[in-house]
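**Student:** So that we are looking at the same thing, I have put the structure below in structure tokens.
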Amino acid sequence: MTAVTDAVTTTGPRGGISQSVTDSLVVAKRNLIRMSRIPEMVIFGLIQPIMFVVLFSYVFGGSMNIGGTTSPSVYREFLMAGIFAQTVTFATAGAGAGIADDMHKGLIDRFRALPMARGAVLTGRTLADLVQTALTVVVLAIVALLVGWRVHNGIPKALAAFALLLLLGYAFSWIGALIGLSVRTPEAATSGGLIWLFPVTFISNAFVDSSKMTPWLRHIAEWNPFSATVQACRELFGNPGVSPSDAWPMQHPVWASIIWSVLIILVFRTLAVRKYRSATA
Amino acid sequence: MPGAIHAEGLVKTFGDVRALDGVDLDVPEGTVLGLLGPNGAGKTTTVRVLTTLLQPDSGKAVVAGIDVLKHPNEVRRSIGLSGQFAAVDEYLTGRENLQMVGRLYQMNAKAAKKRADELLERFNLADAADRTAKTYSGGMRRRLDLAAALVVSPPVMFMDEPTTGLDPRNRQALWGIIQELVAGGTTLLLTTQYLEEADHLAHDICVVDHGRVIARGTSDQLKAQTGGERVEVVVHDHEMIAPARDVLGRYGLSGIGHGEVTVEEHTRKLTVPVTGGAKLLAEVIRDLDARGVEIDDIGLRRPTLDDVFISLTGHAAERAEDENGEAPTDAKDRRKSRKEAAK
């Protein structure tokens, strides 16, 4: 019986921020271990964007007019920033499904009854998703290079573009966290996490030249947070099809991308953590 | 002096359902309180309030001397919770699960590892320590879940239907663990639908129904309150139920535990609360014989908690025999709470 009743010394209450960081990393580690044990999920997550690259490049490739040319190779270069950005936003579904699953299995209750930092379960989850997103982006970049995509403005700018992409993915995974806490089942979180992404990613400059859209649609596309990142990536990668629009986010896409992502994180993190505190599984 | 768990006037409504309608509890240090009640009675909701998972609309709760509503995080340091589901990560190994919980109880990595090893040994999981929990049997998952609740040896433990869905052997094993825990000085609040379990483990029992405590006391007190003894008769065939009921009705005590003859049609069993012991039993047998009632079995027995339950709530305890361990109570509570959370 001694093994059970022996008092165990804890490190005692620690400072707010240091505890938040430790707890978040503990939860992130847990989620990464999980992902490594369900490799099929990671693999499906890779197949989807690769399929998009191939389908868009070869099916749409010859019929898209980008910067006055319908050359398939130009469209492929144009397309990649859009596919990268769309891929990172799919992290939303992963975060949502993971958190809904934790709710469903009673794990959120267990976490909530532990003396841990309030946001740590969600932060840990979104950090793990960030790692997975980064992995996906690397694989996708290799495939993109194989179909003819190139970086024209040097490595530092390309890395900056990837940083913006990861920031966007991280921001969107907080939207996923909120969805995961709000639905009843992991299945609902997966579809709920994906459905709204289609209009967001399609009413944008990701796959077509937004300047050719009807005016009201064009305004939405140009102010779409997602479009800012796509535009910024095209600029930083030196890819064709950078929109000449006067809209502020299209003129200052890097700043617009950062501002949008940070804003999304602030709003959705606040909402998700509040929801978590009253969450009932 | 208030006990290790103390609640006064807890009220919680979900929409127009009053899940808790003024629950008062007091569990002295080092004792076990069994919270007994049918599905949807408010057992799980009570546990959720006391373990900081749910805010009551009104009322007061103190656990381990700390105000639950004012200092939830301090309370979390002093409690262990084993919920209705075995809340373990099935893709983590047993060891990884316990280490994670230890770290989240703010132990350092080394201490968490050491504690995990101790608990795996103690709960007979050492051989399975490095397998993912997905491969565990129901009993093993339950043990792992309980181990996770005991990582910091909390002075106060909450267990919500700990043996639901377990086979009898695993149930016995878990009872053993719980008894050792209590012998070590832990205060425990346990909810159960198994009357036998409350009888076996709890010092005091609170019977809850419709969000209220409708009776409290030791198992013996509750049984005495329900009426002393019962005559139980199994008649030979169904036609004899009616005459047997006439005979037994004459012996039934009125006023205590409804004093009525209860009939279980399919087992041909009739039960009636009585006083008078063996002498009365002989009379009953003679009377039944005179009416030509053939009996397969007859006996005098003390009331079980089942009798207490029926007489107090007017309906038998509904048992959740669901093998998944998903008790309907919880599902209902959850739906209600989610609705609440959505507001």
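Glycine too: its Cβ is placed from the backbone N, Cα and C atoms.
Feature annotation from TrEMBL assigns domain 'ABC transmembrane type-2' to A:40-279. Residues or ranges marked as transmembrane segment by TrEMBL: A:38-58, A:78-100, A:121-147, A:159-181, A:188-208, A:254-272.
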**Student:** How about long-range neighbours of the transmembrane segment (A:159-181): same chain, 6 or more residues beyond its ends, C-beta under 8 Å?
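**Tutor:** Non-local partners: 81, 84-85, 88-89, 91-100, 102-103, 122, 125-126, 129-130, 133-134, 137, 189, 192-193, 225-226, 229, 232-233, 236-237, 254, 257-258, 260-262, 264-265, 268-269, 271-272, 275-276, 279.
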**Student:** Test of understanding: applying the rule of at least three C-beta pairs under 8 Å (pairs 6 or more apart in sequence), is the transmembrane segment (A:254-272) touching the transmembrane segment (A:78-100)?
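**Tutor:** No, these stretches are not in contact.
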**Student:** Residue list, the transmembrane segment (A:254-272) vs rest of chain: Cβ under 8 Å, 6 or more residues beyond ends.
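**Tutor:** Result: 119, 122, 160, 164, 167-168, 170-172, 174-175, 177-178, 181, 225, 228-229, 231-232, 235-236, 248.
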**Student:** Where else in the chain does the transmembrane segment (A:188-208) make close Cβ contacts, counting only residues six or more beyond its ends and a cut-off under 8 Å?
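**Tutor:** For the transmembrane segment (A:188-208), the far contacts come to 56, 60, 64, 79, 81-83, 85-86, 89-90, 92-97, 99-101, 176, 179-180, 217, 220-222, 224, 226-227, 230-231, 241, 243.
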**Student:** Six or more residues out from either end of the transmembrane segment (A:38-58), which same-chain residues have a Cβ under 8 Å from its Cβ atoms?
**Tutor:** 72, 75-76, 79-80, 83, 86-87, 90, 94, 132, 135-136, 139-140, 143-144, 147, 207
